[in-house]
Amino acid sequence: MGNLKSVGQEPGPPCGLGLGLGFGLCGKQGPASPAPEPSWAPAPATPQAPDHSPAPSSPTLTRPPEGPKFPRVKNWELGSITYDTLCAQSQQDGPCTPRRCLGSLVLPRKLQTRPSQGPPPAEQLLSQARDFINQYYSSIKRSGSQAHEERLQEVEAEVASTGTYHLRESELVFGAKQAWRNAPRCVGRIQWGKLQVFDARDCSSAQEMFTYICNHIKYATNRGNLRLSAITVFPQRTPGRGDFRIWNTQLVRYAGYRQQDGSVRGDPANVEITELCIQHGWSPGNGRFDVLPLLLQAPDEAPELFVLPPELVLEVPLEHPTLEWFAALGLRWYALPAVSNMLLEIGGLEFPAAPFSGWYMSTEIGTRNLCDPHRYNILEDVAVCMDLDTRTTSSMWKDKAAVEINLAVLHSFQPPKVTIVDHHAATVSFMKHLENEQKARGGCPADWAWIVPPISGSLTPVFHQEMVNYVLSPAFRYQPDPWKGSAAKGAGITRKKTFKEVANAVKISASLMGTLMAKRVKATILYASETGRAQSYAQQLGRLFRKAFDPRVLCMDEYDVVSLEHEALVLVVTSTFGNGDPPENGESFAAALMEMSGPYNSSPRPEQHRSYKIRFNSVSCSDPLVSSWRRKRKESSNTDSAGALGTLRFCVFGLGSRAYPHFCAFARAVDTRLEELGGERLGQLGQGGELRGQGEGFRGWGEGASRNAASCETFCVGEEAKAAAQDIFSPKRSWKRQRYRLSTQAEGLQLLPGLIHVHRRKMFQATVLSVENLQSSKSTRATILVRLDTAGQEGLQYQPGDHISPHPPPRSSHRPGQGGPRVAPFSERPLMPRTPPPGGPPPSWVRDPRLPPCTLRQALTFFLDITSPPSPRLLRLLSTLAEEPSEQQELETLSQDPRRYEEWKWFRCPTLLEVLEQFPSVALPAPLLLTQLPLLQPRYYSVSSAPSAHPGEVHLTVAVLALDTSRLCSPLHPAEVVKSGGVWGDKGGLTEGVLARAPSFRLPPDPYVPCILVGPGTGIAPFRGFWQERLHDIESKGLQRAAPTLVFGCRCSQLDHLYRDEVQDAQERGVFGRVLTAFSREPDSPKTYVQDILRTELAAEVHRVLCLERGHMFVCGDVTMATSVLQTVPRILATEGGMELDEAGDVIGVLRDQQRYHEDIFGLTLRTQEVTSRIRTQSFSLQERHLRGAVPWAFDPPGPDTPGP
């Protein structure tokens, strides 16, 4: 953005990257035309962007049809012609008249904004307000919506009752960005979308103003790596009250001391403000580069003097790369240009104090500030040192000296890595901005006299570009100096302050800086979850950031994605559902995020038009589309266009299962998409998978996010965030005996309300009707059919293909409290943990809301997970409770050595009880169990019935797996478990459950669309509901439907051929056309899997159904099978359809986009050892990469957040 130049004391047209913001509406023209051409013409139907192809010097104009006349704008270098239609929106006349052009005036009097003597007419204010509100709602694509109409009515009512109105924060941000976008004199507007807006409208005193300004300077300077642009907006002008004003023209300026001989030491442009500072108590030095203090004025009060802390002002000594004597000149300049005396107008509201900053264009320092005769005027001194002949202008000594001074400026800013841009790069970026604006708005206001830099005029592309100058609103406007005329109200000279008073003011400001900054830096934490785990983590994150920010925690479906453009900090915690899809409450957010446009993805390639689900399932670092725009972003600079989310800082944590092919796909996609849209990532993506310590991963990621240098230093709250992270995530905070106590409760546990309380989801109760083993009695394994009676509850109304998450009470052969481990004695009275409130006195105990009142046995049975291996964090807590030193040392080692922990966990798969048996000296107090054990997580199963065939019932197909943890998790004979009903209890028992919709796994509504169903093992579960529904339609309604093909797979026809009789009966009654079964362990037969059946017997049908008949394919089963099928189908399509394999892969993408290739994948399988061994290998690989710094956080959670049959 650059030196947003104010001109109150600087006559002449200063140039550069500044918001010089003049409004001479008839600016200088470019080179003379070789032949007269009309400068005004009827506008074409659609504004045309500049054509950058070479053209003759005198192009032939094709006259558009008659219509409204707009200025024709020509580029004399390229010969391209456009029409500026945006100028029709200008509502203010310029200073020029038919007989005179005032375009070269620096400060046209007509365009200055002076304080009015009374409130503006209500109708005038309403007209401007309506126009702005319309602009805002059009920008967010909500024009004409109910919210738009309600906001207009709200503004009208406020103006009618108070004479003014107030902007919402999002409107203020939009208005400030538009004001910069509309500034005709600024050459750096291509970054207008990245303006960081600090809302200081709650400021009430000059002291608070100074604190906000210090924060602004600290943020914008950023240790030399200057922020793109920032503005702090103080309270608006209010009728009957004085204004907030900053008397200085810029926040950082050098003093100018008038000498007795009339000369000036320092910067002559600042003599007047220097004298005012001295009158208000400043004790000046006498140097050429003394930083001026600030004069700040609150309404109806005298201005107050504030000295900027020296460490806040970054200065750059100037030296030349080849001229060694240049450094001896003692020249220097400050790094941050920040204009502070201009007025911001938005929708008729005026903000007289709105300092804004950017970075310098080199010519602003090297040519204007140092070489102008009315400034430092060093040109001749440098020329003499260069031995140039200054006696004649034909020696070009001025040009030679000016170039070397500019070269010195650019060179000096490079070693300390202070942001600066040369005038060639700046003007090229402005041409790109003109092109962007012509496409987006039909034009761009520009003042040619200010856009063309002060040197290299015709060597820059802007010199050859005609421009149209006009005024749009919102806008930055000039205003009279506050000590002149009527603006000087309350500006009397205050007594001279002592040095001690000034020093105390600086000290107080420094102490308030972080506090006030934290109050105004908002953080938005978004979550999307199916089980509530991501929500729980988001709430923990909210508690962490509450001490340093102003956070709000929202579910994605409660958040308006439009607000992303105005956010400063967003943290996302989300799970991944199904096949890499967003959870249900993240669907709308995902779709809206994909619809937003970014600066690096404007290519019209067909990949851009794919649906968000395809992008989310394919987005990765290896995606060529992602790699392309990421490369462009790395090559971009401050002169390139900003994205829609240019001011956003973000960080993402994902939950999922590493057993799935699209592990954390939604989180990865959100992370990638936010960066693609221009956001700045504050930390690497954190990932938590099903089979590793999710809590540890999240804590590490949360601490990293809060302590991250970019996150904290950006918002000036580093120490507060670090302290908060230590307080929230410290193991010492997690458990202290004195912080917890148990109290007995009169009420007993009601299980259903208790589960709803714990899982924060609506749940329903059902009765177990029967539990039937579907496998042969000779089988060493078991699969059961569970029938549940729902009693017709509305919350359990389902469709075939949906999922349900039951909560059967877990059975264990070793219950706590029955000998063995040292666990606190079980009380059969309901207990409630209590803890002191934050900041409250120790006697003031409050209920811990984690669990409902229940006995310890009930908590361990229904709510807490005692079967998963304890996390390193829990082992660390156990080490503090071990009485035997050797056991304490071993537990500490396991908790701190990731590789030792993984070896121990994967070899033993120990439950909590087995850990206590291994370390018998650990004595567990009951409060620790109730407050520190992880919650028992539900698992989702595909519904195996159709409501039309079994009203009031839900059927589930469940594979029962028993594990011997002392023998590397090998399956054991589960017959005893099945005979006793397994974990489901006996007939008539109660179970609680949650219904989850699966709208993407449903039979097509057209009964004549052909389908292929692929489901080995328990993957047949949802298909049972499909054939029951089809059978009911055939027999009860007489509907004839296309008969799908079923491909089933099992080990042996005599042992585990699930539902064989039902399938055969359904085929005989016309439900299935073909049924094929793959046997992987059939005696005297080769191993055959479902993908082999597809390849050898159904290849032609697969191609015909998917490519020719627009049919559907459904795949349900474990992740290994689903991956194999997904690899097989493209090969079939390539072979049968005569296409390349890449093309066939694209076809699968299209099928998914059209929801014709459906997957229902689950992670836990009967091949437990195979899958877990593979994931274990991945885990160790990730650990090694983490130790090398390649993967910051990649941990797996102990509980699933994805569904499965």
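Placed from the backbone N, Cα and C atoms, the Cβ positions cover glycine too.
Binding site for FAD per Swiss-Prot: Arg939, Tyr941, Ser942, Thr957, Ala959, plus His803 from the candidate set His803, His1103, His1112.
In Swiss-Prot, the feature region 'Disordered' is placed on 26-73, out of the ranges 26-73, 1130-1177. Between the listed binding-site residues, namely His803, Arg939, the fewest other CB atoms within 10 angstroms of a CB are found at Arg939. Rounded to the nearest whole angstrom, the C-alpha distance between Tyr941 (FAD binding site) and Thr531 (FMN binding site) is 13. In this structure the C-alpha atoms belonging to Ser942 (FAD binding site) and Ser529 (FMN binding site) are separated by 18 Å. A distance of 21 Å separates the Cα atom of Ala959 (FAD binding site) from that of Thr531 (FMN binding site). Sequence-distant neighbours of Ser116 (phosphoserine): no residue of the same chain at least 6 apart has a C-beta under 8 Å from its C-beta. Note on Thr531 (FMN binding site): other Cβ atoms within 10 Å of its Cβ, all shown chains, come to 27. A gap of 14 Å separates the Cα atoms of Ser529 (FMN binding site) and Arg939 (FAD binding site). Of all the binding-site residues listed here (Thr531, Ser575, Ser657), Thr531 has the Cα closest to the Cα of His803 (FAD binding site). In the three-state DSSP assignment, the secondary structure recorded for Ser657 (FMN binding site) is coil.
Ser529 (FMN binding site) falls outside any helix or strand according to DSSP and counts as coil. It is Thr957, among the binding-site residues Ser942, Thr957, whose Cβ has the fewest other Cβ atoms within 10 Å in the structure shown. Packing around Tyr941 (FAD binding site) is summarised by its Cβ count: 26 other Cβ atoms lie within 10 angstroms of its Cβ, all protein chains included.
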